[in-house]
Amino acid sequence: MRDVGVAAAPGSSSAGLGVGAVGAAVEAVAGVAAMQEEVGIRREGPEPDPDEPPKKRVKVPEGESGKLEERLYSVLCCTVCLDLPKASVFQCTNGHLMCAGCFIHLLADSRLKEEQATCPNCRCEISKNLCCRNLAVEKAVSELPTECTFCLKQFPRSSLERHQKEECQDRVTQCKYKRIGCPWQGPFHELPAHENECSHPTKTGTELMGILGEMDQNHRRDMQLYNSIFSLLCYEKIGFTEVQFRPYRTDDFITRLYYETPRFTVLNQTWVLKARVNDSERNPNLSCKRTLSFQLILKSKVNSALECSFLLLKGPYDDVRIKPVIHHHSFSNDANETDYVPLPISDSVECNKLLAAKNINLRLFIFQVQK
């Protein structure tokens with residue numbers, strides 16, 4: 001509704017109008033507008049100017065367009081998974097948004113299919129060089145409300161993690177006697193009552209020995225890896241180098257993606273590393289689960305068997321998570337290749353990170369066993 005102004009008569013001042021007269025005029029105009037709304041009468045006039053200043057625009061009722069958060073959700077969501085990004089937000093050259101997970105997945109898929117990655121909306125080319133992060137969207141998303149999975153209350157996304165880990169009274173927690181075998185899990189506000197009634201502190205030594213025996217067995221497996229690494233560090237001949245896997249395609253009728261490093265020298269011997277995706281599966285781009293496996297190849301000729309231990313770790317500037325696994329092989333002129341062994345990455349998300357990169361940079365350690 002347009003603003004209604006009351007003009008003073010010529011030669012008079014606005015102070016001459018009584019307060020009651022102004023109020024009556026406003027009420028009369030409001031009453032006429034309400035009657036027109038009820039009977040469906042609308043004034044004929046020019047269309048509203050879209051460039052009109054915001055203060056003159058009529059506010060759209062909330063029921064017609066939804067809440068502000070819902071409208072922002074549809075604007076700021078990822079164009080691939082249609083969900084709000086949880087971390088970094090990337091945009092193509094035309095401004096379409098993609099969450100970090102979907103962006104990396106698109107790049108990995110293009111590598112597997114030997115195609116140029118494109119934006120799913122406008123089909124423009126995308127890559128780590130062509131796309132950039134949108135910090136404004138990341139900050140806007142962090143301020144949008146979201147629901148706590150435990151107490152179902154609304155919190156800004158930026159503070160949700162702290163609330164769920166430290167403040168929420170309904171968050172899932174464990175009994176402090178878990179170290180002696182108590183399996184209880186429940187909401188935080190029930191923890192004091194449970195710990196007061198927990199039966200594990202009153203168990204006999206014989207009962208606790210059985211529980212602690214199982215826990216020691218799991219701990220022993222973890223310590224075995226670290227002890228093995230410390231033992232390898234005592235070897236006389238130790239070598240390491242940074243290796244760079246580059247993507248190639250096989251020359252077969254059905255081409256497959258594989259990776260290979262240039263030749264490198266460690267311990268005065270020449271080596272090559274090869275890697276393959278999903279153990280050379282025919283169409284790895286159709287699989288949600290993705291893995292990488294590698295083999296170490298000795299290219300030099302040796303006079304006697306060369307017994308070595310080796311392991312791959314992430315490079316100094318990569319963020320991929322690799323859990324170290326030690327492998328052993330006795331190299332000779334007749335057995336100069338190891339079997340393909342899994343690259344110990346945590347999940348398919350980490351594998352996509354490697355596939356999306358132009359090259360895979362890792363660090364190789366080789367320990368020669370002295371006879």
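For all residues, glycine too, the Cβ spot is worked out from N, Cα and C.
Sequence annotations record features per position, and here TrEMBL assigns compositional bias 'Basic and acidic residues' to 39-63.
Per TrEMBL, domain 'RING-type' is recorded for 78-123.
What TrEMBL lists as domain 'TRAF-type' is 144-182. Mean pLDDT for the domain 'TRAF-type' (144-182) in the predicted structure: 87.
The annotation region 'Disordered' is assigned in TrEMBL to 37-63.
Here the zinc finger (144-182) is broken down by DSSP into helix, strand and coil counts: 16 helix, 9 strand, 14 coil. Taken from TrEMBL, the feature zinc finger applies to 144-182.
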Just give the helix, strand and coil counts over the domain 'RING-type' (78-123), going by DSSP.
14 helix, 7 strand, 25 coil
Restricting to the same chain and to residues at least six past its boundaries, which positions have a Cβ under 8 Å from a Cβ of the domain 'TRAF-type' (144-182)?
69, 72-73, 76, 84, 188-189, 191, 194-195, 198, 200-201, 203, 208, 211-212, 215
